Amino acid sequence: MKVSKFGGTSVASAEQINKIASIVKADPSRKIIVVSAPGKRSNEDIKITDLLINLAEQALEQKDTIALQNQIIARYKMIAEELFVGREIVESISNDLSRRLEDTHLTKDQFIDQLKAAGEDNNAKLIAAYFNNIGLPAQYMNPKEAGLIVTDFPQPTQATEEAYNKLSELQHSEKIIVFPGFFGFTKSGLLRTFNRGGSDITGSILAAAVNASVYENFTDVDCVFSANPKVVNSPMEIEEITYREMRELSYAGFSVFHDEALMPVYKEQIPVNIKNTNNPLAAGTFIVAERKKNKGPITGITADSGFSTLYVSKYLMNRELGFGRKLLQILEEEYISYEHTPSGLDDISIIIRSHQLNKEKEERIVQRIVNELEAEEAYFRHGFSMIVLVGEGMNNSTGLAARAATAISRTGANIEMINQGSSEVSIVFGVLQEKEHVILRELYDEFFSKVNVYS
Ligand SMILES: Nc1ncnc2c1ncn2[C@@H]1O[C@H](COP(=O)(O)OP(=O)(O)O)[C@@H](O)[C@H]1O
Ligand SMILES: N[C@@H](CC(=O)OP(=O)(O)O)C(=O)O
């Protein structure tokens, strides 16, 4: 049995949904179909999920939401009409949106989550109806009824162990299951969404639960490339990549597959196949436990912006027992997670995703570090990107860091931070984000384009 997930670009229009129907029809082992909300039909288009987030924000600000509601319903109406799916599905979508908007007893986060999830939930209902209309016996499956139980706030949204047992029953379904991605329900019945791009996580959870032969992830590119094709021209295609290489790359910018989607399939050693809805016969990229050797030590290079650094200095910091713990405790109490902590003898930098910060929180944290830890200096700096080189071949390849640093220096950029992962499958360079793309291209040129004396 296969689990096949179709992302927003694959379900963005009637034309695209026709393609996924052909893909499902072509292989009877595609029995569990995970779908996202309609995504972009062009670069200028807006994803349904983004419209729903705007709708939630307008409702919370007591603004008139009719225009936005009609814009969302019109998207589904156009798809339903072009697929000749009856009017009743559009009416049910309209009623569903109204019901979610009236659910004012929820907290702000719960209200937003409930509206965000409407995109996938209604698209799954529409696609299941369409499949049945064209002779593909299918049923919409609500995550609550299926048992996709997730953790409670403030934990990050993750499937609980018990969810996998209940979800394993899906493998016995006679019909094709059309399952909305992106959300689950807590034990107490509250809806929670995964992070953005989270339909990949749903597919991974279901693939692990039913012990799928493969988890197919259909998107709008032929494969995973060794660099983001929107930044580097015609990057090299990757046939095979390991789970941990993909985790490092997707965490830091390879948005083609969600980094949190790797753990469920890794635990069950289920291969993932990244394929193109618009070219389904292309082999795509396989994410596996072990792969055949690559030509070079580096498998992929990626960059991710939106990072800040918290710099703290105190003389003899390295001698003060518990200083690091107390510093990280302050961040934990402020609900701030961190990425890397490069440090010296008397100072430490903590790399943090900027979206967690605001002026008032930063001032409070700096004050606490100075007062409670008696630090000499503490301040935040913003506008950084992390450039990540990843490859299973790195750990037995000398001089990589030097080659990368030399390539970065050719761009005139300053290296603000270097961090070698203890797994030795990645090395991270912190740079100012305005230099991100030029550095990415220079590193790609160094490790993939040139015939190197080193190779
Ligand atoms: N290394 C990479 N290889 C392939 N695609 C990548 C890579 N890095 C970023 N992308 C981008 O990821 C996009 C697919 O992800 P996404 O937009 O989430 O699609 P979907 O709607 O199918 O989920 C591609 O169109 C591509 O521009
Ligand atoms: N629609 C949700 C979930 C998702 O995974 O979408 P996509 O498959 O288009 O990345 C979002 O935009 O985050």
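Sequential numbering from 1, following the chain as shown.
Cβ from N, Cα, C; glycine included.
What TrEMBL says about a protein is an automatic prediction, not a curated fact.
Record features, source TrEMBL:
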type: BINDING; residues: K5, F6, G7, G8, T219, D220; note: ATP binding site
type: BINDING; residues: T49, E120; note: substrate binding site
type: DOMAIN; residues: 389-455; note: domain 'ACT'
Rounded distance in angstrom between the Cα atoms of T49 (substrate binding site) and D220 (ATP binding site): 18
Within 10 angstroms of E120 (substrate binding site), Cα basis - binding-site residues out of K5, F6, G8, T219, D220: G8
DSSP three-state assignment for K5 (ATP binding site): strand
Overall pLDDT of the domain 'ACT' (389-455), taken as the mean: 87
Binding-site residues whose CB lies under 6 angstroms from ligand 1, from K5, F6, T49, E120: none
Where the C-beta lies under 6 angstroms from ligand 2, the matching binding-site residues among F6, G7, G8, D220: G7, G8
Cβ within 8 Å of the mean position of the Cβ atoms of K5, F6, G7, G8, T219, D220: remaining residues of the chain near ATP: T9, S10, V11, S36, G39, S199, N217, F218, T277
Cα-Cα distance maximum in Å, computed over every pair in K5, F6, G7, G8, T219, D220 that the record assigns to ATP: 12
Per-residue Cβ crowding (10 Å cut-off), top of binding-site residues E120, D220: E120
Other CB atoms within 10 A, centred on T219 (ATP binding site): 24
Tertiary neighbours of G8 (ATP binding site) (same chain, Cβ under 8 Å, six or more apart): S36, A37, P38, G39, K40, K47, I48, T49, S199
Other CB atoms within 10 A, centred on T49 (substrate binding site): 25
